[in-house]
């Protein structure tokens, strides 16, 4: 028995020693033989030509061969054992950006021997903050100023791809420019939630958006549920508030850029601009209806409101859909050079359609102009409706109950028009990259929904009377004459 135990102990020690040696040998072998992975955007025999993967021989170009640089700046570090990983980086929910390095460019791409990529930005503003996209197009100063610090971002393997880039400088027929291109995922930046700017942008602003959606939903429910408010003007108010709710929700998605990719950004932009444009077209339809009714001798408010609503729906949604289609077409096919649309790069395994839409991050300035130019004309037309209707009301010495309701609708239209126009104006001013204007836009957007609640509900006695009656034991009786005739003797209108 003792001999057997000793034999088992010896065998166990030998097995442990063999296992330890195998692990050490395997680790040493992995260290010496494991190739360095280098992420390449296109196939080995391809280059990025004019934003697309193209066979290098067809454009008389040489394929890209990685040049490794040491951590201390040593150039042409020899790395014999490396292999290409073909394909675009998998960024998940992060945004994807293109970085270009040409001769004398501010962007420098450094590939370390371990396969890590460093993006070095020369001579940027020291006070600049934001994502990669914010310094690709602007915020540069004189490269000779040595007092300005550098900015750098490091990207691990799998979060980038590099390749040789060949593009045409200037207009068609210009000289070819050769350089490097890197498609990278948005770097994760440290967020200090105690900072006042972050608090206002990332916490207070989303909370205000959520409160605004709740308030607008309350207004829409009141005008949709109460039967006496479901006339033509009431249905228009409901539609406008629903458009503003969609606009607030889409803008809420656009706030959290670190949780969105290029697809969600584009969809959020489309929903935001389309819903905002639809709200203004419906406001224009309301102004036209009130203006027309004041100029009509035979006034019947409750006659064929459903058919009229269908007519106005065709106008509002038809114009909105047409302008949206033109804006999307302009964004993809008529975009001007130098806009914010990045050059599309394609993996060889992707289809042509995927490679075409790959670089679209958000709506370009040309698309935004197509959305906002009709709003500017709508504001001018609404001002005409306001001035002419106000003159007509001032010339009226006596008017009946129907004209009194039209006058209340006119006041409501005027106040909603002023509120939405001011909010739209501050939205445009917030694009001027001044923090003060952005903060004013946040405040104006936060006050828009409470103002609409006051204009459409709290300010009007007959609406508050109907809302209060819903919480009583007996609901108010509604007749075919409407609330203006039902409650005219009680003075609640």
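The backbone N, Cα and C atoms fix where each Cβ goes, glycine too.
TrEMBL annotations: computationally assigned, not manually curated.
What TrEMBL records for 1-30 is signal peptide.
Annotation source TrEMBL lists domain 'G-protein coupled receptors family 2 profile 2' at 201-460.
Residues or ranges marked as transmembrane segment by TrEMBL: 203-225 (among others).
Taking Cβ pairs closer than 8 Å, the transmembrane segment (270-291) reaches residues 232-233, 236-237, 239-240, 243-244, 246-247, 249-251, 254, 308, 312, 315-317, 319-320, 323-324, 327-328, 363, 367-368, 371-372, 374-375, 378-379, 381-382, 385-386, 388-389, 406, 409-410, 413, 416-417, 420, 424 in its own chain, all 6 or more past its ends. Look at TrEMBL and you will find 270-291 (among others) tagged as transmembrane segment.
Look at TrEMBL and you will find 312-334 (among others) tagged as transmembrane segment.
Below 8 angstroms of C-beta separation, residues 266, 269-270, 273-274, 276-277, 280-281, 283-284, 287-288, 290-291, 319, 323-324, 326-328, 330-331, 334-336, 339-341, 413-414, 417, 421, 424, 428 of the same chain, each at least six residues beyond the ends of the transmembrane segment (363-387), sit close to that stretch. Taken from TrEMBL, the feature transmembrane segment applies to 363-387 (among others).
Look at TrEMBL and you will find 408-432 (among others) tagged as transmembrane segment. Beyond its flanks by at least six residues, the transmembrane segment (408-432) meets 233, 237, 240, 276, 279-280, 283, 286-287, 290, 294, 372, 375, 379, 382, 386, 389-390, 393, 438, 440-441, 444-445, 448, 451-452, 455-456, 460 of its own chain at Cβ-Cβ distances under 8 Å.
Remote same-chain partners of the transmembrane segment (438-458), defined as residues 6 or more beyond its termini with a Cβ less than 8 Å from a stretch Cβ, comprise 200-201, 204-205, 208-209, 211-213, 215-216, 218-219, 222-223, 237, 241, 244, 248, 251, 412, 415-416, 419-420, 422-423, 426-427, 429-430, 464, 467. Residues or ranges marked as transmembrane segment by TrEMBL: 438-458 (among others).
Averaged across the domain 'G-protein coupled receptors family 2 profile 2' (201-460), pLDDT for the predicted model comes to 82.
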